[in-house]
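Listed in TrEMBL:
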- D:Cys116, D:His118, D:Glu152, D:His179: Mn(2+) binding site (BINDING)
- D:201-296: domain 'Peptidase M20 dimerisation' (DOMAIN)
Protein chains: 4
Amino acid sequence: MSAASAAEAVLDGAAGIRQWQEDLYRDLHANPELGHQETRTAGIVAQELRSLGFDVHEHVGTTGVVGVLTNGDGPVVLARADMDALPVAEATGLPYASTVRAVGTDGKEVPVMHACGHDVHVACLLGAARLMAGARSSWSGTFVALFQPAEELAEGASRMVDGGLAQLVPKPDAVLGQHVLTYPAGTVGTHAGPFLSLGQSMRVTVHGQGSHGSMPHLSVDPAVLAAMIVVRLQTVVSREINPDEFAVLTVGRIAVGTKSNIIGDHAVLELNLRAYSEETHKKMVSAIERIVRAECAASGSPKEPEFETYDNYPLTDNDPDVTARVAAAFRSHFGDAATAVGRQTASEDFSIVPRALGAPYTYWALGGTDPELYRSAAERGALATEVPGNHSPRFAPVIQPTLQTGTAAVVVAALAWLAA
Amino acid sequence: MSAASAAEAVLDGAAGIRQWQEDLYRDLHANPELGHQETRTAGIVAQELRSLGFDVHEHVGTTGVVGVLTNGDGPVVLARADMDALPVAEATGLPYASTVRAVGTDGKEVPVMHACGHDVHVACLLGAARLMAGARSSWSGTFVALFQPAEELAEGASRMVDGGLAQLVPKPDAVLGQHVLTYPAGTVGTHAGPFLSLGQSMRVTVHGQGSHGSMPHLSVDPAVLAAMIVVRLQTVVSREINPDEFAVLTVGRIAVGTKSNIIGDHAVLELNLRAYSEETHKKMVSAIERIVRAECAASGSPKEPEFETYDNYPLTDNDPDVTARVAAAFRSHFGDAATAVGRQTASEDFSIVPRALGAPYTYWALGGTDPELYRSAAERGALATEVPGNHSPRFAPVIQPTLQTGTAAVVVAALAWLAA
Amino acid sequence: MSAASAAEAVLDGAAGIRQWQEDLYRDLHANPELGHQETRTAGIVAQELRSLGFDVHEHVGTTGVVGVLTNGDGPVVLARADMDALPVAEATGLPYASTVRAVGTDGKEVPVMHACGHDVHVACLLGAARLMAGARSSWSGTFVALFQPAEELAEGASRMVDGGLAQLVPKPDAVLGQHVLTYPAGTVGTHAGPFLSLGQSMRVTVHGQGSHGSMPHLSVDPAVLAAMIVVRLQTVVSREINPDEFAVLTVGRIAVGTKSNIIGDHAVLELNLRAYSEETHKKMVSAIERIVRAECAASGSPKEPEFETYDNYPLTDNDPDVTARVAAAFRSHFGDAATAVGRQTASEDFSIVPRALGAPYTYWALGGTDPELYRSAAERGALATEVPGNHSPRFAPVIQPTLQTGTAAVVVAALAWLAA
Amino acid sequence: MSAASAAEAVLDGAAGIRQWQEDLYRDLHANPELGHQETRTAGIVAQELRSLGFDVHEHVGTTGVVGVLTNGDGPVVLARADMDALPVAEATGLPYASTVRAVGTDGKEVPVMHACGHDVHVACLLGAARLMAGARSSWSGTFVALFQPAEELAEGASRMVDGGLAQLVPKPDAVLGQHVLTYPAGTVGTHAGPFLSLGQSMRVTVHGQGSHGSMPHLSVDPAVLAAMIVVRLQTVVSREINPDEFAVLTVGRIAVGTKSNIIGDHAVLELNLRAYSEETHKKMVSAIERIVRAECAASGSPKEPEFETYDNYPLTDNDPDVTARVAAAFRSHFGDAATAVGRQTASEDFSIVPRALGAPYTYWALGGTDPELYRSAAERGALATEVPGNHSPRFAPVIQPTLQTGTAAVVVAALAWLAA
């Protein structure tokens with residue numbers, strides 16, 4: 001059976017799960033959970049996978065769930081969805097809008113919303129699992145459905161790997177992931193090579209010598225030191241990185257001193273780095289460390305600077321072969337609705353799983369915007385202003401054809417390997 | 001009667017008030033009050049002045065007290081003491097150390113201590129008032145004793161002026177003030193011309209355009225803007241102010257952004273300025289405004305910057321004639337213990353009162369350090385490290401000869417005009 | 001007749017011109033001429049074109065030559081070659097190396113060398129003209145051969161346009177150009193869209209106020225002003241330009257002052273800009289002007305800054321349709337030796353001619369490096385170090401198959417429109 | 001005999017030398033010589049001293065002349081004048097204006113002018129020598145007249161010391177020097193302590209890595225490095241030096257690169273430093289070296305920076321006792337025309353001689369401006385604009401009473417030690 005025929009056969013069941021899947025989506029959307037707190041979501045996922053005959057592992061890392069459906073000999077395909085929501089107060093006005101509040105990482109209660117569409121990812125992957133489980137004669141091999149926590153904290157994938165993921169699943173031939181974005185619903189977009197940027201934050205603490213504001217000569221002024229560093233860091237992108245390479249180095253936060261007439265004894269800078277190449281990222285980190293240390297030396301700083309990285313998102317660098325295979329399967333199934341999309345400035349921890357498993361991967365874009373709204377806004381050059389993007393309190397993908405397309409995409413892509 | 005004989009006559013009563021004055025000092029020290037909260041101190045002062053026969057005005061400004069003792073025709077001399085204490089936790093170990101706590105300007109409870117010696121000023125001026133009142137035959141004219149609140153907040157003098165001070169007192173021929181400093185107790189030090197620096201704080205708010213950290217091109221980056229301003233401001237002192245002029249421009253605080261991957265929309269800089277000349281101060285302010293506006297323009301800032309000044313301390317610029325007259329009287333009375341001292345980097349709001357009254361003034365240094373400790377520390381070049389300075393939790397002037405000297409200094413200086 | 005058959009027919013004459021063309025090339029190489037001084041080269045070109053039956057216009061602009069060969073009805077194709085050499089002392093050791101010296105733009109005598117391969121361009125275009133003229137039955141329409149002066153001065157194309165080029169030639173359906181580069185000889189490389197960067201130089205003069213070095217307060221220091229501008233300009237690329245866009249802003253020269261103890265009254269900065277988009281270029285220019293003006297304001301500069309642009313090279317932005325047509329013809333004729341190449345950081349004034357004529361254009365890369373040397377160096381990652389590039393004193397394209405390929409490329413591309 | 005009586009006696013001869021001295025002055029002014037080229041001047045000086053009975057040493061250092069007049073027992077006083085002129089084109093319009101041209105240190109012919117008044121110094125010292133020689137009965141001891149070359153090059157005093165000066169003269173009890181300045185002619189001004197600033201120039205060469213302007217990532221950009229250093233150096237004065245201390249750090253020259261599109265491989269900065277304290281100077285030098293090295297490190301400079309000092313002028317720090325003695329003698333002789341003047345931002349190599357001889361010294365200001373012009377300009381606040389200063393092409397001290405006063409000043413000061 002060709003992959004295309006297998007896809008037709010498996011997707012035969014799509015109509016039968018539609019109502020269940022839409023209800024599931026609305027339920028997930030109305031009950032969002034912050035990272036590492038996705039116990040309700042994980043419970044629903046695990047129960048469903050178990051009922052479909054998957055071997056199910058719960059609490060992988062923190063709240064991660066892995067379902068393994070072995071269906072004879074053949075390749076192994078792992079598809080991943082992320083489950084966590086964001087501390088955002090929903091403003092969509094939808095009937096199934098969230099009113100949930102929870103305690104965030106800083107101990108404060110915050111509103112919670114699926115403002116990044118992870119509910120779509122969960123509903124689609126669970127739908128695909130149901131279709132794959134219901135049409136076992138059409139394929140052969142192993143289908144792994146992985147639901148990870150805390151993507152927004154850049155922690156969930158790492159925790160699952162640290163929690164022994166490699167012992168729970170066979171080594172995949174391909175790892176698949178998708179993200180609902182503001183492309184027209186009904187479309188899927190692939191991209192070979194670097195797709196989502198590498199993102200990293202860095203907290204730099206530099207030390208001065210405090211003094212009264214009227215006695216600068218007794219101080220090592222941390223305000224001047226911090227300013228010189230911020231100024232100097234501009235040269236990393238302007239002079240050190242190949243102008244053909246994408247690189248962003250942002251100083252998002254500067255904190256120096258407490259009042260006007262006291263020269264403080266340290267400064268804190270919080271940096272964010274973006275790149276589409278690990279080599280570029282390494283050059284930036286090396287340049288930052290060199291510059292910060294040198295500016296401290298220029299100031300006569302009494303103590304070594306400190307560097308702390310956090311919010312580490314690896315580069316999502318789609319394997320060309322895997323991507324080509326998925327793109328071909330998409331074109332065959334979706335026709336013109338299968339597109340090629342450009343790289344995105346967003347970041348993901350998705351690739352941590354395939355990297356840990358030594359498996360090639362691809363990650364694609366799933367359209368979620370009402371096609372009419374998209375077309376109309378695009379014609380007026382108003383996409384950025386009229387279509388609420390991911391993380392917006394008004395982010396609201398249309399339920400259909402988003403869910404159907406996202407479900408079919410997982411099935412079609414998986415069958416590019418698993419078709420009997 | 002010569003001024004010297006008059007002084008001898010008035011100071012004849014000094015021995016008689018010594019015990020009362022020392023007890024008063026210890027009581028004031030043990031019961032410090034923050035600015036505008038000096039109700040207990042003001043009550044003691046007002047009651048004493050009234051009992052001495054002064055016309056007494058209370059609640060001038062906020063808690064200010066003015067006593068006017070008219071004693072026949074003649075010149076008018078106003079002597080001033082400040083009453084407020086600081087939010088410092090006393091660490092002197094003295095038997096009369098403060099354990100007081102109070103609610104500060106930011107609504108938080110803080111420890112309170114007379115860490116700047118204003119208790120000395122009050123005790124000396126009240127002692128001088130008592131001596132002057134007790135020896136009316138030795139002098140002629142009007143003696144005004146003014147007790148101001150909130151010097152540490154740079155507010156008390158202004159509030160008294162705004163509260164109608166000019167209507168309460170005749171125009172003085174001379175205004176006198178003193179501050180206990182870490183010179184040897186028993187000495188008084190005068191200085192003609194600029195004595196205490198002009199001090200001013202300025203809060204500068206500049207505006208950028210917020211954006212995600214990965215999209216700098218959609219932002220006007222306030223971190224870069226703030227850094228460029230801090231860097232550029234260094235040129236005010238290095239290039240614009242005459243190198244022969246004292247000028248300090250400190251950026252004590254920089255606050256930009258909240259997290260690494262968000263480009264914020266504004267930056268706040270808190271500056272402190274010091275100068276010994278109003279012209280230099282004006283040049284600095286003008287340069288700061290020019291530079292900040294221009295750097296905002298360089299960044300393409302969408303909104304005008306905002307400048308807010310606070311903690312405004314005027315230049316204390318001792319009148320040469322008044323100072324010469326006082327210095328001569330000091331030399332005559334104190335001999336070698338009357339010294340000439342250099343200018344100080346501290347600031348005061350003292351001169352606001354004589355400026356408002358159109359009167360010339362002088363402000364002198366009163367020694368408060370144990371002479372033996374001073375000599376020993378000076379010999380080892382250890383004055384800065386071994387003698388706790390003003391605002392230190394261990395600031396502890398010796399009671400005598402400090403109080404006697406400070407009291408005599410007010411009397412001797414006043415009689416340089418009022419001697420019968 | 002198909003374009004391919006026409007090409008075969010026209011190129012039938014290639015063997016017959018080979019010896020003449022190689023001799024011509026060596027003669028041109030041995031007799032290089034600086035921009036606007038290409039009288040000998042232009043003379044050879046004009047004489048040859050005239051003998052072939054072209055209508056010839058000489059002295060177009062300065063030394064430009066245009067030959068028009070009208071051959072019945074049909075499209076118009078214009079092919080361009082540049083004629084000028086560089087002030088470089090040849091170090092190739094070739095038997096036909098240049099020993100020529102000439103007086104440069106600054107009035108000084110300099111060595112001259114065809115270090116950029118314009119001799120290849122002239123020889124190829126003249127060879128193509130000969131083949132086209134010799135096979136008129138195989139094509140129909142108008143073939144224009146344009147030889148421009150002073151490409152290296154960014155002036156030749158503009159001068160020809162200003163000299164009335166549009167009156168001399170019919171409006172082309174396509175304009176063609178090529179450049180010999182360090183790709184393997186025998187290959188041609190096409191690229192749709194931005195191919196060569198927009199390049200521009202800008203001389204910025206800013207004004208200070210001179211003073212003795214010991215009296216900075218009487219000056220507006222141009223050294224500080226220049227430094228602040230250089231520092232600030234780094235933010236154009238680091239913060240203002242979309243990180244997805246290529247942009248380079250280099251300050252190649254800073255000149256301030258004459259000696260250490262004199263503060264001068266002006267500073268000169270020489271900038272170079274590169275971009276692959278006119279919008280990006282405009283943003284850079286606008287940012288530069290904004291920043292320079294603002295930094296002058298920050299310094300209190302007494303006089304407006306001056307901006308002078310020079311060495312203006314427009315973006316070479318290959319028309320997609322024209323490029324596709326040429327690429328298809330190349331693939332048909334050259335097979336695998338027809339490649340797609342990436343964009344180049346070099347710049348050209350080529351596109352000024354088609355822009356002025358309102359015609360679409362494409363410009364391609366012609367390989368000039370010995371294929372064995374190329375392969376060997378590439379394998380060792382030593383292309384940059386072992387293959388002398390354009391403008392190097394050792395730049396030495398191999399004569400064959402470079403000339404044959406470059407000649408065939410012009411014929412094949414032209415016939416994509418002109419095949420009978 | 002009191003010093004005052006001795007002075008009266010010696011100055012008795014003043015009228016007798018007046019015509020000779022004025023003629024000498026006009027001759028010197030019309031025949032100025034550049035540093036180390038003062039052969040004509042030195043010849044005149046040596047001949048005159050010899051004729052007066054001095055032991056004369058010529059060619060001390062380069063063109064230096066030392067005359068020693070031993071006149072019995074007693075103290076030793078050395079008075080110094082400098083002889084060199086400046087490469088300035090005279091524009092005074094005086095009948096005795098210079099039209100001389102000479103070959104400067106850079107091998108180019110330049111106009112020469114006594115634009116700094118060294119001709120006054122020579123004429124006065126030679127006049128004083130004549131008076132002292134002519135009235136030997138009025139004093140006792142040794143009078144040394146030293147005429148040094150090349151003060152403007154900061155070299156003459158050092159060369160004389162290196163040339164064995166200490167072997168030629170007895171150790172002085174006091175060394176005296178004077179400079180004609182734009183104070184009213186007829187006055188002399190003394191100043192105890194730091195009088196003329198320490199001045200030093202420093203050439204800093206920093207290294208980058210060259211590249212084409214379009215490939216910044218292959219470079220270490222010296223323009224950015226130089227700019228960052230200039231910016232950072234501002235913090236030396238603004239933050240590191242005690243605001244009570246005079247300190248100037250000027251970057252007079254920046255030279256980076258040759259053209260816009262080439263990134264050069266080095267940058268040259270020429271700095272000038274001024275201070276009134278050697279400790280401040282040391283702090284500045286140390287800060288400069290620290291900052292330059294650190295900024296090179298921040299840029300990843302491939303090579304250590306180089307520091308070269310030149311034009312080293314030491315601090316002229318007048319000995320308090322010597323100055324007091326001279327000031328008293330001046331007051332006694334000149335009355336109100338003996339003033340106290342403030343410190344000057346100019347620099348001198350004068351003190352190198354007394355430092356080398358281990359002798360205390362004082363250096364005073366000699367008024368040279370027409371008193372009426374001075375008064376009138378001062379009243380209108382126009383001194384700086386209407387009175388041409390030293391080094392101006394229009395610098396023109398009035399001959400009298402300048403010469404008489406400058407001659408008397410040397411005599412009076414010397415006799416404060418030598419009076420019999």
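Heads up, the Cβ atoms here are built off N, Cα and C, so glycines get one too.
The secondary structure of D:His179 (Mn(2+) binding site), as reduced to three states from DSSP, is extended strand. Counting every protein chain shown, the number of other Cβ atoms lying within 10 Å of the Cβ of D:His118 (Mn(2+) binding site) is 28. Within the domain 'Peptidase M20 dimerisation' (D:201-296), the DSSP-based counts of helix, strand and coil residues read 41 helix, 33 strand, 22 coil. The Cβ of D:Glu152 (Mn(2+) binding site) has 20 neighbouring Cβ atoms from other residues within 10 Å, across all protein chains displayed.
Around D:Cys116 (Mn(2+) binding site), the C-beta neighbours below 8 angstroms that are at least 6 residues distant in the chain are D:Ala85, D:Leu86, D:Glu152, D:Asn390, D:His391, D:Phe395. Surrounding the centroid of the Cβ atoms of D:Cys116, D:His118, D:Glu152, D:His179, where the record places Mn(2+), the chain contributes additional residues within 8 Å, namely D:Asp82, D:Asp84, D:Leu86, D:His114, D:Gly117, D:His121, D:Glu151, D:Asn390. Taking the Cβ of D:His179 (Mn(2+) binding site) as reference, residues of its chain lying under 8 Å away and at least six apart in sequence are, in sequence order, D:Gly117, D:His121, D:Ala346, D:Glu348, D:Tyr363, D:Trp364, D:Ala365, D:Leu366. The DSSP secondary structure for D:His118 (Mn(2+) binding site) is helix.
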